[in-house]
Amino acid sequence: MTEPMVPSSSSSSSAGLTWAKMCKECGQQHEGGQENHLYEYQDEVDDELVCHICLQPLLQPMDTPCGHTYCFQCLSSFLKERDFCPVDRQQLRLHQCRPSSLLVRNLLDKLTVLCPHQAECQLQMQRCELQPHLHNRCPVFRRLREEVERRKRPPWNELKGNREEGESGADTKHTRTATRDILPEPGLINPAFEESEDETSMQSSLVAEANVVEMFREEQELGLRIVGGKDTPLGNIVIQEIIRDSLAARDGRLAPGDHILEVNDVSLASIPHGRAISMLRRPCPLLRLIVMQEKGFNPRHPQRPGLEHHTPPSTITAPPSPPSHSPHGTAHNQGTVIQVTLVKRDRSEPLGIKLIRKSDETGVFILDLLAGGLAAKDGKLCNNDKVLAINGQDLRHGTPENAAQIIQASEVRVNFVVMRQPEPQEEGGSGGEGQSRVARRAPESQYFRRPSTYMKDPPGGFSSQEKMVSLKKEPRLSLGITIAGGRDCRSRLPVYITSVQPIGCLHRDGTIKKGDVLLSINGVDLTQLTYNEAVSVLKAQTAQAQVVLRVIQTISEDPEIEGEAAKEAMESVESPREDDANWAPLWTRWLGLPSHMHWCRDIVLLKTNQESWGFSIVGGYEESHGQQLFFIKTIVPGTPAHLDGRLKCGDEIVAVNGATTVGMNNSSLIPMLKLQKNKVTLTVVSWPGSLV
C-alpha cells in the first residue's frame, strides 16, 4: 500500500489564493492543462491504483498494450519526448493506449479526499464529488467567485447603485444573496458565446444557478426524460424534456436543459446513465434534487403550477376545439376531430377496442380494433386515434382505466370524440428569413435516412449485434410479443419489442429479448414501416408455419448495466405488467444502433448578427477518448435554439450546412458554427430520453 504525499501547492490557508490561478476542478493552484489535478487524499491507496510516473493515484487512467497503467496527462507528456513504455521500455505510441475499465475508474472516483481550503472548510468526500462541492458548497470558492463577479460588473452598474443606494438597500442585499449560487457550467464548450474580458455584459448574462428542488411524489413518475451520464460524452445527467401534466410539469421548477447534480444527497457526477435512472426511479416519498439551471438571456420567472410554459415549444399542443356535430369531423391544427357513435345490441356487448396510454403524450389512444368486434365492423375508428371524450366525459388527460369504466357504465349507445393525426406529407421549402423572433420556427422538416457520408461508429462503450431466429410453429400459435415504435412516431424510431410474453413460442426459444429492434420477418423488411404497417405485416407472417425473425440487439460494455437489463427483462416475462406496451429502452440503448438505422432531420436556425445560437456542444475527436459523437449539451433560454424549440439536449449533430462532422474535433466545429451569421442548417439525430 502506498500513502500519497500531500501536494506541495496546497495549504491550510486560502491567503494569496486568487480565482484566476485556482483550478476550477480540484481547487488547487497548478498550470492548467500542463499539470495533473492535485488532491489531498485521506487514506492510503492501493499500489495498483497509483501511476508509475507521478506516483499519485491515477487520473484519467490509460492502459498500455504491455499491461501498465498511467495518468493520461503523465503518459502523453512522457511520450512527447520518448517512444517507449516507462516501465518495460517497449515501443509505445499514445494512440495504442486505451482508457482503463469502468471498474478501475469507479474505484478511483471513490477515493476519499479533503477539501483543499481547510482553513474554512474541513469536509471530506469522494474524489468525484469534489468538483460539485467546490461549485455548490465551498465558502472559499464562493467568495472568490463573487469577488470576480463584482469586478466584472460594468461601471454603469456601480454608478446606478450609488445613485439609488439610499432606496435600494434591500434589493442589493437580495442580489448578493442570490449571486452566491451563480456559477459557470464547468467544462462547457459553447459556440454560442465568445469569452473575452471586454465583453462583460454578454459574459455576465450567461450564468447558471445550483438550486434545490424537493417534490413529494409517492408512487407516481416524475415525468422527466433524461439524457447523459458518465458513460456518455455528455458527462452530466441532463433533463431533455418535461412531460405535460406530469408531477414535474405541475411543480414548475424544473425545465429542459437543467443538469441534475445530486439525488437525495447522492452525487450523480461519477455514475453511468443506467444507474442514474435507477436512482431517479427509486420509490421515495420525498425526492430532493440539486440541479444546475441555465439562466441565459431570459431568466425564468416563477409561474403558477400547472402552466405549460416549461414545456418546450415543440411539444406544446393546443387543447382541442369543441367537438363538431358534423359527421365528417372538424379540421384541427393537430389533426381532425371526429365523432363516432357505436350502438351495442345489449349493454354487456364488448366494443372490441384495445386502449393504451403513451409515455410521450398524455391521454388515451386506440392501440387495436379486435377482428369481428363492434368497432372493427363499424369501421370509423382507427388505430392510433386519440380519445378526447366518451359520452361527454373529457379524457384528454385521462387513462385507459377511466375510459374502460365509462364504457362499462354506458347504455347501448357509446359516443366517441377522437382526434386523428394527418398522414405525413411531403413538405416544401422552409419559411423566409424575415420571420419575427416569436414565429421563428420553420415548417417541420422531413426525416430522412442517414446518408452514407455521415456514417459513424457508436460512442465508446456501446455496440450492437444482429441475430437471426428461425422456428416452426402451429399456424394459430402466437409469437407472444408486443411492439412499439415505427417511422410515424415522433422520434421516427425503428420497430422494437416491448415485451416477450410467457405464452408465446418466442419465449420458449429464449433468443429474442425485450428491447430488440425488429429488422425483418420472413424476409419482409420492417425498418421503413409505420407502427400500423408493422403490426399488419407481423400478423400476416405469423400465420405461416415457419417464421424467420432478424433482430438487432444493442449492448453496453458496463456489466452492471447489462445485468440490470437482463434482470428487468426476466421480471417482465415472469410477471407481465399493464405498462409493458408503453415500455421503451433507455436513451443509451439507442446510441448503440448502427448508423444505417438512424433517421436524420434538418433544423434551420435563424438569428441576427448580434445574437448567439444558444447551444453548447460536447464530443469530437480527443486523444484520450478517440472519436466521439457531437451532442447538444445545453440550450440557453431566450436564444434562437431555445425559441425554435426543436433542438433537444442529447441530440447528435451529424452535419452543419451539409458538411459532415465525421472526423472533426471541437476546434474545427466550433469556428464553423460561429462563422454562420444569420442562418445555419443542423442535421441531427434525436433519440427520446429515458423516462423517470
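Cβ coordinates come from backbone N, Cα and C, glycine included.
Residues or ranges marked as compositional bias 'Basic and acidic residues' by TrEMBL: 160-176.
What TrEMBL lists as domain 'RING-type' is 51-89. Taking the domain 'RING-type' (51-89) as a whole, pLDDT averages 90 in the prediction.
What TrEMBL records for 212-295 (among others) is domain 'PDZ'.
TrEMBL lists 339-422 (among others) with the feature domain 'PDZ'.
Per TrEMBL, domain 'PDZ' is recorded for 468-553 (among others).
When the domain 'PDZ' (602-688) is classified with DSSP, helix, strand and coil residues number 15 helix, 37 strand, 35 coil. Residues annotated as domain 'PDZ' in TrEMBL: 602-688 (among others).
Annotated region 'Disordered' per TrEMBL: 155-176 (among others), in sequence order.
Among the features that TrEMBL reports, region 'Disordered' is placed at 297-332 (among others).
The region 'Disordered' feature in TrEMBL is assigned to 422-465 (among others).
Between the domain 'RING-type' (51-89) and the listed ranges 212-295, 339-422, 468-553, 602-688, the one holding the most Cβ pairs under 8 Å is 602-688. Using a cut-off of 8 Å between Cβ atoms, the domain 'PDZ' (468-553) and the domain 'PDZ' (602-688) share at least three residue pairs, counting only pairs 6 or more apart in sequence.
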